[in-house]
Amino acid sequence: MKFIAENLTKLRTISPLVQNITNYVVMNSTANTLLALGASPVMAHAKEELEEMIAISSALVVNIGTLDEYWIPSMEKAVKIASDLKKPIILDPVGAGATKLRTNTALKLLDIGNVSVLRGNFGEISALLGEHGKTKGVDSAVYDNNEALNISKNASKEFNTVSTVTGPIDYVSNGKEIYSISNGHEMLSKVTGTGCASTSIIGAFLAVEEPLKASVSGLVTYGISAEMAFEESFYPGTFQAKLYDWLYRIDEKLILEKAKVNRIDI
Amino acid sequence: MKFIAENLTKLRTISPLVQNITNYVVMNSTANTLLALGASPVMAHAKEELEEMIAISSALVVNIGTLDEYWIPSMEKAVKIASDLKKPIILDPVGAGATKLRTNTALKLLDIGNVSVLRGNFGEISALLGEHGKTKGVDSAVYDNNEALNISKNASKEFNTVSTVTGPIDYVSNGKEIYSISNGHEMLSKVTGTGCASTSIIGAFLAVEEPLKASVSGLVTYGISAEMAFEESFYPGTFQAKLYDWLYRIDEKLILEKAKVNRIDI
Amino acid sequence: MKFIAENLTKLRTISPLVQNITNYVVMNSTANTLLALGASPVMAHAKEELEEMIAISSALVVNIGTLDEYWIPSMEKAVKIASDLKKPIILDPVGAGATKLRTNTALKLLDIGNVSVLRGNFGEISALLGEHGKTKGVDSAVYDNNEALNISKNASKEFNTVSTVTGPIDYVSNGKEIYSISNGHEMLSKVTGTGCASTSIIGAFLAVEEPLKASVSGLVTYGISAEMAFEESFYPGTFQAKLYDWLYRIDEKLILEKAKVNRIDI
């Protein structure tokens with residue numbers, strides 16, 4: 001998977017400005033993730049400045065993790081502006097399925113703009129499909145590799161986007177191809193905002209690659225960094241510090257050695 | 001104190017969803033604290049989704065650390081909903097006594113719902129009592145172990161809740177019994193949000209235990225984790241990373257060995 | 001530079017309360033920075049409580065990093081109150097030049113109150129001067145040591161404040177004198193909020209020293225701490241943890257040994 005290694009080098013060469021409208025919980029860790037990797041984060045949400053900020057950015061990340069009446073219009077405006085400016089957009093529908101507000105907000109954002117990548121876990125993407133009558137909904141969303149693959153494929157077609165379903169195995173689909181990725185480590189589930197971080201990393205790769213391969217590049221890079229971090233620490237606090245270290249240290253050689261990716265035609 | 005050890009195992013078995021309306025400063029560290037311990041944090045504050053989110057949660061944490069005109073109604077609504085749904089509530093009146101807005105907001109939240117546990121430091125709980133004419137107010141709140149014990153007892157009776165006053169020695173009272181806890185480490189005062197973290201940990205224990213013993217369980221678990229962290233690092237940055245490590249590593253054996261708890265009938 | 005060492009000891013003796021209205025991304029790291037150093041952070045933004053909170057604080061930090069329609073009036077009110085109460089104010093115009101909202105908000109805050117210190121990077125301070133017709137604006141803001149020195153001097157005169165321009169070499173000017181500071185480490189650029197942290201540290205020194213020397217004291221203390229941290233870790237995650245450690249460990253001896261400061265009359 002040479003393109004992943006090459007994309008990492010490209011990303012570090014241009015250090016793309018990635019504009020994030022994300023949740024309060026992960027703003028700090030997301031910014032540190034992007035900086036360690038070699039990108040340039042910016043976080044701006046005031047409606048008045050969105051157009052200028054998106055115009056100078058290479059990609060827009062929208063994450064609905066702590067949405068409210070003020071931030072939702074800001075997310076909507078950002079998605080419209082980025083679509084108009086033809087900037088790539090990645091959407092993280094945090095908690096879709098848990099509340100109607102989250103499900104409906106994510107669906108509206110998918111509807112009003114050209115979202116390049118939709119990145120969520122199994123339950124979240126299932127819930128979005130469920131609202132479209134395509135699954136039995138979040139209550140039936142018991143994880144299963146085969147089901148995750150199907151959901152990735154279906155969400156891609158339904159929402160006309162690259163759909164990235166992360167879990168023990170990650171599935172990324174553009175409706176025609178699917179990549180499965182087995183990198184990563186379960187210790188990531190003991191640190192907050194690691195899903196959100198993977199979304200922002202894909203956002204950074206969108207500056208140098210088309211959405212399907214950008215998603216694969218981001219997930220592999222983050223996953224290998226987590227594997228390396230776990231070799232140095234078995235516990236979540238020091239693991240998190242080492243994770244930033246490895247996002248900074250990871251290089252082409254490590255990616256070529258450790259990437260676990262399969263490509264499937266559908 | 002076998003119940004503490006048993007509660008930790010119960011908590012990890014069910015991994016309770018703990019809904020937090022907390023302050024911007026500590027959202028990330030609180031989420032990491034709950035994850036490391038074995039609970040599942042969620043942070044939602046939009047009035048529109050509070051009912052759904054609280055319905056699926058095992059406990060509600062309300063922390064007024066960065067309150068404002070928007071968030072106060074959200075806190076009030078959350079406390080009412082949780083009371084109606086009979087979910088346990090823990091309130092952290094950050095900065096009560098420092099400004100009228102904080103004192104009055106905390107008192108109103110105590111008034112409108114069934115707060116299971118009130119967790120604050122000596123000055124904060126003194127200030128709340130002071131507004132009720134029970135002490136000379138925060139200006140006279142010079143810490144003293146005996147006074148802290150009295151304030152815990154009085155706040156419990158005055159506000160009809162379990163009152164947890166943390167400091168060099170922590171006092172927890174339900175008005176009939178008092179527990180004193182001597183675990184913890186002064187290095188906690190060099191890391192932001194450790195008081196708030198202890199509040200959220202008690203919130204997690206409220207999912208498996210009644211409020212008095214849940215408070216004792218939370219404070220002992222957090223305190224011992226801090227003691228272990230300090231054995232590995234004497235400085236605040238690496239101490240904080242080790243603190244998460246030990247919240248993950250702490251087990252029944254360590255609790256039985258290290259708990260410093262006394263129970264007093266009153 | 002004996003005054004720097006002495007100021008650090010004074011700061012730790014009084015542990016000044018520093019009131020911050022800052023951005024969501026760095027609230028946690030800023031609070032940890034101030035605590036590790038020996039100051040007492042508070043973060044309050046509700047208009048209703050600003051007067052009480054500023055009255056008990058030793059300095060006000062205003063950072064516009066995630067400004068919006070709600071927070072801007074809060075920043076304005078805080079600057080007015082602090083000016084009236086003769087509390088020192090430090091302003092961090094994050095992103096000035098990137099959007100009109102940021103440039104205009106920073107200029108308005110400079111206009112309505114007595115800002116003691118303006119702390120920004122080369123591009124930000126250039127942009128503020130540019131709007132005043134004093135430079136060609138942010139587009140021409142290619143970093144250059146000599147230009148940074150001039151901008152520091154000019155901003156000081158233009159805005160009648162101490163102007164602190166940070167970069168590979170930091171320049172601090174009150175319009176009559178300039179200090180240049182060569183402490184610090186480039187790894188700081190791989191951790192989010194380190195510029196904001198230096199602003200808050202200067203805020204803490206404003207409690208014990210006049211603005212010019214407070215700025216020098218803050219930048220030297222932070223810069224040496226970063227140098228020491230880098231001796232213990234070459235990567236950003238563990239570097240950040242070590243940075244807090246060294247803010248706690250740094251002492252008069254280390255400052256006298258490692259300070260790289262020059263004073264120039266102009």
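Every residue, even glycine, has its Cβ placed from backbone N, Cα and C.
Pulled from Swiss-Prot:
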- C:MET43, C:GLY193: substrate binding site (BINDING)
- C:ARG119, C:THR166: ATP binding site (BINDING)
List of residues, in chain order, with Cβ under 8 A from that of C:GLY193 (substrate binding site) and at least 6 apart: C:VAL25, C:VAL26, C:SER29, C:THR30
Cross-chain proximity of binding-site residues to B (CB under 8 Å), evaluated over C:ARG119, C:THR166, C:GLY193: none
Binding-site residues compared (C:MET43, C:ARG119, C:THR166) - highest count of Cβ atoms within 10 Å: C:ARG119
Filtered C:ARG119, C:THR166, C:GLY193 - binding-site residues with C-beta under 8 A from chain A: C:GLY193
Inter-residue C-alpha distance, C:THR166 (ATP binding site) and C:MET43 (substrate binding site) (nearest angstrom): 24
C:MET43 (substrate binding site): secondary structure state under DSSP, collapsed to three categories: strand
Inter-residue C-alpha distance, C:ARG119 (ATP binding site) and C:MET43 (substrate binding site) (nearest angstrom): 19
Collapsed DSSP category at C:GLY193 (substrate binding site): coil
